[in-house]
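> Structure provided below as structure tokens; questions to follow.
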Amino acid sequence: MGPTRGETIAAVATPPGRSALGLIRVSGPAAFDLLRGVFIPRGKRPFPARAAAFVGVLRDPADGEVVDQVVVTTFPAPHSFTGEDVAEVSAHGNPLVLGRVLGLLLRQGARAAEPGEFARRAFLHGKMDLLAVEALAQVLNATTAGQVRLALNQLEGLPTRRLSEIRARLLDHHVRLEATLNFPEEAIDEIDERRLARDLAAVLADLERFAAAARHGDLVAGGLRIVLAGRPNTGKSSLLNALLGRERAIVTAVPGTTRDTLEETVTLGDLSVRLVDTAGLRAPGDQVEALGIDRTHRALQSAFLALAVFDAATPLTPDDAEVRHALAAAGCPVLAVLNKSDLPARVTAAELAPWPVVRVSALTGEGLEALREAIRGEAASRGLSQLEDLVLLGAQQSEALDRARQALRRALDGLGTIYHDMLSVELEEAIRALGLVTGEDVDPHTLDRIFERFCIGK
């Protein structure tokens with residue numbers, strides 16, 4: 001995909017379905033000219049004189065029929081989303097009407113936009129960098145207020161400035177290295193390898209912090225995966241239903257009812273949490289249960305947090321010991337949940353040390369808010385509450401950031417043992433990779449993969 005030079009594109013920019021209003025976006029050099037042929041504004045104001053909104057009707061020149069009463073807002077280049085001449089047609093939000101309006105504009109010479117083509121043109125015209133593109137995608141897909149705030153913070157450009165400053169420092173060192181290699185006869189200062197090592201180590205430390213911020217940003221954007229684990233009949237499915245506020249998992253008194261993982265999303269304040277109910281951990285009774293238990297182990301491997309659910313009304317059993325062993329092997333953080341707090345307690349918090357313990361009753365709701373607060377506390381302790389410090393990266397950008405870090409590590413490891421021309425190659429690789437993250441050095445194929453995730457009207 002890629003915008004063709006000189007083409008004007010159009011698309012419906014609002015979601016499918018009926019609504020009071022719908023929006024058709026037009027962008028390109030002929031955006032205003034093609035509307036002049038079909039739009040009849042009210043009043044005597046010339047269309048389009050400047051950035052302004054015009055009330056009028058769209059009329060099909062083929063038969064003179066009125067297509068709709070609309071408001072056309074004009075954004076002359078370069079002061080528009082795409083950097084081109086842009087017109088936005090606000091029409092009635094009936095899909096039939098919007099289809100007629102779009103069809104009229106296409107017959108006038110516009111081309112139907114491809115997914116993400118408006119955003120791609122904005123990038124190509126310098127209206128946003130790739131980090132802003134990722135933030136825009138998150139704004140469109142966010143399900144919590146925290147995800148929106150994270151994306152809007154990035155749209156302000158701070159991560160781009162941080163990474164551009166890091167890249168500029170590497171460029172400075174690369175230029176000096178190339179100068180000493182290519183012009184040895186000139187009076188250029190010798191490379192101080194000790195100073196270079198300190199500078200590159202500082203750059204790598206900044207990149208490591210940036211990568212950590214991106215990992216945390218990915219957790220916030222994608223939702224925290226929290227796995228409910230425990231032996232059968234401790235109330236994992238009941239706890240899932242209680243946290244969701246609805247009946248989602250089947251609950252019976254028969255041990256082993258849950259045979260597969262069941263995942264649902266819930267919002268906890270600013271956080272999106274993906275709760276995963278799992279098969280009870282014990283020696284399996286049949287092959288189907290064994291498969292379910294295997295999936296429990298695999299779910300724990302990718303968990304942000306495990307809720308180890310125990311039956312507070314029953315003394316700990318050998319199966320509970322198996323749960324502890326499985327969680328230790330998984331290596332994920334654990335929060336112990338003593339369920340059935342409405343019954344006489346037979347298990348103490350000391351027996352579950354060193355895990356923190358929350359007492360709840362999935363039946364009565366007692367302790368659920370304390371559990372939610374403990375989950376939010378775990379997220380905060382791992383740096384997920386300071387949204388302004390987090391970064392959103394796409395898959396291609398994450399790979400590029402990893403390549404930059406690896407190249408810098410090789411450069412640092414080789415200082416004093418490799419020739420300066422090899423050192424220069426490693427710095428060049430890091431610089432190029434960082435350019436892929438911000439979009440300063442990116443190929444069309446990568447752009448295709450990034451922008452194809454957007455809807456047609458964006």
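Yeah, the Cβs are placed from backbone N, Cα and C, and that goes for glycine too.
Reproduced below are the annotations present in TrEMBL:
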- R25, E88, K127, K458: (6S)-5-formyl-5,6,7,8-tetrahydrofolate binding site (BINDING)
- 223-380: domain 'TrmE-type G' (DOMAIN)
- 233-238, 252-258, 277-280: GTP binding site (BINDING)
- N233, T252, V254, T257: K(+) binding site (BINDING)
- S237, T258: Mg(2+) binding site (BINDING)
> List the Cα distance (Å, whole number) between S237 (Mg(2+) binding site) and R25 ((6S)-5-formyl-5,6,7,8-tetrahydrofolate binding site).
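For S237 (Mg(2+) binding site) versus R25 ((6S)-5-formyl-5,6,7,8-tetrahydrofolate binding site), the Cα atoms are 47 Å apart.
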> Across all chains shown, how many C-beta atoms besides its own are within 10 angstroms of the C-beta of K127 ((6S)-5-formyl-5,6,7,8-tetrahydrofolate binding site)?
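So the number of other Cβ atoms within 10 Å of K127 ((6S)-5-formyl-5,6,7,8-tetrahydrofolate binding site) is 17.
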> By the DSSP assignment reduced to helix, strand and coil, which category contains R25 ((6S)-5-formyl-5,6,7,8-tetrahydrofolate binding site)?
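The three-state answer is strand.
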> What's the CA to CA span in angstrom from N233 (GTP binding site) over to R25 ((6S)-5-formyl-5,6,7,8-tetrahydrofolate binding site)?
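Checking the Cα atoms of N233 (GTP binding site) and R25 ((6S)-5-formyl-5,6,7,8-tetrahydrofolate binding site) gives a distance of 55 Å.
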> Can you tell me how many other Cβ atoms are located within 10 Å of the Cβ belonging to K236 (GTP binding site)?
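For K236 (GTP binding site), the 10 Å Cβ neighbour count is 29.
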> 10 Å Cβ neighbour count around A279 (GTP binding site)?
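Excluding its own Cβ, the number within 10 Å is 27.
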> Rounded to the nearest Å, what's the C-alpha distance separating K236 (GTP binding site) and R25 ((6S)-5-formyl-5,6,7,8-tetrahydrofolate binding site)? Just drop the number here, would you?
49
> Please report the number of other Cβ atoms within 10 Å of the Cβ of S237 (Mg(2+) binding site).
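Taking all protein chains shown, S237 (Mg(2+) binding site) has 24 Cβ neighbours within 10 Å.
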> Can you check what DSSP calls E88 ((6S)-5-formyl-5,6,7,8-tetrahydrofolate binding site), collapsed to helix, strand or coil?
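For E88 ((6S)-5-formyl-5,6,7,8-tetrahydrofolate binding site) - judged by DSSP and reduced to three states - the answer is strand.
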